[in-house]
């Protein structure tokens, strides 16, 4: 290990005797040495042995610490040198008490060497020979003999329990003196650690105290340094204050007011002039500051505008990137839709053909059954008129059709009995049952078409087939660049882009079924509504806003499909189909109609199709035959049953037509329902019937179908012109029934007249037949 450079120390002249004393060695090996008391070095300069100096050094708190360290470190360094040379020999010597003191003294000085950082190697070399004397061979031999003689005595107990420092030292000792090693039987096996001597314990305690004292001394040194610094600062501040006070006293003496001096009289004009001059200067300064402030404000504004220009110029690259990505996206979307539109049209055609085939099957079957049954009854009537004894033969086809008709009617009666519907009238049922084999084929074909529907966009990413994702793209465009968005008329393009995607979702949609999904519950409808609700356009762009997107989609996609259902698939005689169709049409035509000033061609086409289809149903499907009274008086005769069924079937169509109240105009409904159906077919059948409770019941059903909206005007005394024939029939029936005992039926007829606002006719009838008790019915109305 490298030695520190040599250091020089100043020593007092009085310490020379101490250094001389340090060179002295004990006169005799066995002479006892007195252990120094810890803390004695506090009062004395370093003198005597280095051991006393080392023990007393840490206990000094005040006094000349520097010189104490010099002596202690020099002594330690001096005594450390011979111990390093002698090595293990000095550590393994087993001598008498005096030699043990010397060896112990040497070990303590070696331990104290680590406590001082100021030792000098040069000084230790000078004092090496004077402080420690190495015992010679004669001295060692004499000590060994003395120890052996002491061991030979029986009552001798050795107090030397000091352990050898190391195994290597013992080996070297045995090698140096093999004769001194005891025999095997004289060796003692150490089972525990040998106890320390009193001197060793005292030395260890002194070392620990020295370490603690050294730490305390370092803290005391820091505390002393800090106190001195604070005192120097305080003295310096006090001196400065004294200097200031002295200067202040001197200046006060100089500036002392002398009352003997006289001043010229005060002139107010001069003071005023000075104040005005000062005010002018301040105003000019203020104006200059204002000019500078305005200049700074202009600079700030120009800086802000420059920043905005720079930011906008830096965003041009991002804007270009966005427009480019949007252009690529729209092109890819159009290419995808153009590729899929052919497949979509094929699937739509397949589904439409399947439903059309089913509808035509029902219609053709109804017409064929009506034709065969009517022919059979006519033949039966001719037979009854010509002869009563001849045999009547029916061809096999007619017989099979009649049996099939009766079989289906029987099943429907049983179903109504099970459901508890006992008020059903024959002829009002929808004869739309299919044989099981045909139903299985229909369901299989429909399932195959729906599987093809699912595979249309199976391999396409959601960004190009999901309506919500597509609208989100355009919504981002609208939020980032609204000007370019509205300039591109995107609200007019979106319905065309979404048309194929919506048509795919409408393949399984059948508005003629009551269980069909409503438009508001469809995914595309909700997505479009969310897109419209998120619109942030201002009032200036309201005319071209995205709020018309849904109406445009309905006009371009939904209404044309609905028109196809009305023209080719809708059966006006079916109440369930009519009710479901009206529900969807109300949503389309009322809640999402276009602007009042704008005429929708698709909407007009739909309404025309509805009216045209109902006219066709009135002309083709309504057939009420007229038979002789002798044939229909018997309610169980086939003629009477057939006539009843056909009347109720016509009344069912009458009711279905008037369900369009609110969607079709009143003139259209009155012309179609009252003019062509009621007056042309139903009234004739009623006139051919015998007056009685059945006729009154039928009249009640006719009046119940009429919309209340037509009779809301309380000032009406006469009904609408199209009901004139019906009113005359009611009065005629009332005249006939009043002559008999059907007074309750007469009262019901009066109520019907009051309901349809034929009040004048009702009052005339009551006055003519002196039915004063029925006048209250008119007054209550």
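Cβ from N, Cα, C; glycine included.
Since the structure is predicted, the reported quantities are computational estimates derived from the model, not experimental observations.
According to Swiss-Prot, the feature coiled coil maps to 267-312.
Here Swiss-Prot flags 1-10 (among others) as compositional bias 'Basic residues'.
Summarising the annotation, Swiss-Prot assigns compositional bias 'Acidic residues' to 17-26 (among others).
Swiss-Prot lists 59-68 (among others) with the feature compositional bias 'Basic residues'.
What Swiss-Prot records for 82-92 (among others) is compositional bias 'Basic and acidic residues'.
Annotation comment: Swiss-Prot describes 101-113 (among others) as compositional bias 'Basic and acidic residues'.
Taken from Swiss-Prot, the feature compositional bias 'Low complexity' covers 114-123.
Annotation comment: Swiss-Prot describes 201-212 (among others) as compositional bias 'Basic and acidic residues'. Across the compositional bias 'Basic and acidic residues' (201-212), DSSP assigns 12 helix, 0 strand, 0 coil.
The feature compositional bias 'Acidic residues' is assigned by Swiss-Prot to 213-222 (among others).
Per Swiss-Prot, phosphoserine is recorded for 16 (among others).
Marked as phosphoserine by Swiss-Prot: 17 (among others).
If you look up Swiss-Prot, you'll see 19 (among others) marked as phosphoserine, on the strength of a large-scale study or a structure entry.
According to Swiss-Prot, the phosphoserine annotation covers 40 (among others).
According to Swiss-Prot, the feature phosphoserine maps to 96 (among others), an assignment based on a large-scale study or a structure entry.
Swiss-Prot lists 97 (among others) with the feature phosphothreonine, giving a large-scale study or a structure entry as the kind of evidence.
Taken from Swiss-Prot, the feature phosphoserine applies to 129 (among others).
Its Cβ placed at the centre, residue 213 (phosphothreonine) has 20 other Cβ atoms within 10 Å. Put plainly, the modified residues 214, 217 were compared by Cβ crowding within 10 Å, and the winner is 217.
For the compositional bias 'Acidic residues' (213-222), the DSSP-based tally of helix, strand and coil residues reads 10 helix, 0 strand, 0 coil.
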